[in-house]
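Colleague: Take this structure first; my questions come after.
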Amino acid sequence: MANKLLSFLLLFIIGCGTTHTHKQEEIRTESNAFKIVELKNEQGCKVEITNYGARLVSWYVKDKNDSLRNIVLGFSTLQQYQNADAQYYGAIVGRYANRLQNFELEGKKIHLTEDEFILHGGKAGFHDKFWSIEAVTKSSVKLKYLSKDGEGGFPGNLEVVVEYQLTENNELKMNYNAVTDKATVVNLTNHAFFNLKGAGNGSVLDLNLRINADQYTPLISGGLPTGEIKAVDYSVFDFRTMKTVRSAIDTSDAQIKLANGIDHNFVKKNDKLPLITAIDPQSGIKMEMHTTMPGVQVYTANFLSGNDKSDTGKAFKARESICFESQFYPDSPQHTNFPSVVLQPEETYQHSTIYKVSVEEVELRVKS
């Protein structure tokens, strides 16, 4: 197994281009443990990544007036992250993103919690771990974490490598790879909270949104899926034609009421169109998301308290940011009609997600 892991990592490094030793100007250190890596491109955009939770800290992009705006909710210190009401700002979450109940794997019961389910890996989730910084260039950073056998109740030593890359086309690419020495389940994502007006700059309800999905997975209480894969036709979840976020949230729909907003998994239709297209009419910033994953959790930050504040004192409030989390479906081991999330020792978990930003001026859409 050691030889397999070494070969995999060598292939991954070779495939991602030339790497460099850590450069002082690219890594800021608050303490011996907490580090922030800065990525830049020639277009003037900048991304910050921390090794704490392998988090996306900030992403500065140009708006329609050619001014830079940070579109990601985050903090500059470890203390801010650890004291925040919300745990997952910008983090890589795992071993299993979203909800997961105790489950059975190859005839063995896997006990994760005494509660009904865990969320985003539970108390031993990757969001609260320090990742090792493996390689840094001007425009990319690669991080690694070893989740040991039994951590959080999950079987198998799972080695995870995540790479962030900022391109000259203003794309932020996230490449995920993982290998295990025992059968286990894996579902990784990034939990960035986006506001295309700028972090802390107000509501996302007037964001223009298109989702390339004919189906979604309805919820029961607590956010667990019912197991049904339901057509979006004639529902508030039909975003196949661009409309505002408000058009879904300002309704009496039972699913919206249950989640206190949108907090649902959408099933990717195909790769011909971006899975997500979002445009803020105020800033003109457009975001497109492509992913190799079969679904995306769209979450309108329904439970942010407003107690967490940016470095400039702006409160992070409910429905003033939005998450686009590429993923397998929630609680998949309980539902045979959902895509399998099982990873075997002879396999490699791989997926990539790309967020691309540009500028496009649009009128406010009001389609319901």
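Including glycine, each Cβ sits where the backbone N, Cα and C put it.
According to TrEMBL:
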type: ACT_SITE; residues: His191; note: active site, proton donor
type: ACT_SITE; residues: Glu325; note: active site, proton acceptor
type: BINDING; residues: Asn98, Arg99, Asp263; note: beta-D-galactose binding site
Colleague: Could you state the CA-to-CA distance between the residue listed as 'active site, proton acceptor' and Arg99 (beta-D-galactose binding site) to the nearest Å?
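Modeller: Between the Cα atoms of the residue listed as 'active site, proton acceptor' and Arg99 (beta-D-galactose binding site), the distance comes to 13 Å.
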Colleague: Give me the CA-CA distance between Arg99 (beta-D-galactose binding site) and the residue listed as 'active site, proton donor', in Å, as a whole number.
Modeller: 14
Colleague: Restricting to the same chain and to sequence separations of six or more, state which residues have a Cβ under 8 Å from that of Asn98 (beta-D-galactose binding site).
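Modeller: Counting only residues 6 or more apart in sequence, the Cβ neighbours of Asn98 (beta-D-galactose binding site) under 8 Å are Leu119, His120, Asn187, Thr189, Asn265, Gln297, Glu325, Gln327, Tyr329, Pro330, Asp331.
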Colleague: Excluding Asn98, Arg99, Asp263, please set out which residues of the same chain place their CB within 8 Å of the center of the CB atoms of the beta-D-galactose site, keeping sequence order.
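Modeller: Those within range, site residues removed, are Leu119, Leu219, Gly223, Leu224, Asn265, Gln297, Pro330.
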Colleague: Going by DSSP, give the three-state secondary structure for Glu325 (active site, proton acceptor).
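Modeller: SS state of Glu325 (active site, proton acceptor) = strand.
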Colleague: Using DSSP with the three-state reduction, classify Asn98 (beta-D-galactose binding site) as helix, strand or coil.
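Modeller: For Asn98 (beta-D-galactose binding site) - judged by DSSP and reduced to three states - the answer is coil.
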Colleague: Where among the recorded positions Asp263, Glu325 do you find the Cβ with the fewest other Cβ atoms within 10 Å?
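Modeller: Among the recorded positions Asp263, Glu325, the lowest count of other Cβ atoms within 10 Å belongs to Asp263.
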Colleague: Just name the winner among Arg99, His191 (the recorded positions) by count of other CB atoms within 10 A of its CB.
Modeller: His191
Colleague: What whole-number distance in angstrom separates the two most remote CA atoms of the beta-D-galactose-binding residues Asn98, Arg99, Asp263?
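Modeller: For the residues that bind beta-D-galactose, the greatest Cα distance is 12 Å.
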Colleague: To the nearest whole angstrom, what is the C-alpha distance linking Asp263 (beta-D-galactose binding site) and His191 (active site, proton donor)?
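Modeller: Cα of Asp263 (beta-D-galactose binding site) to Cα of His191 (active site, proton donor) measures 13 Å after rounding.
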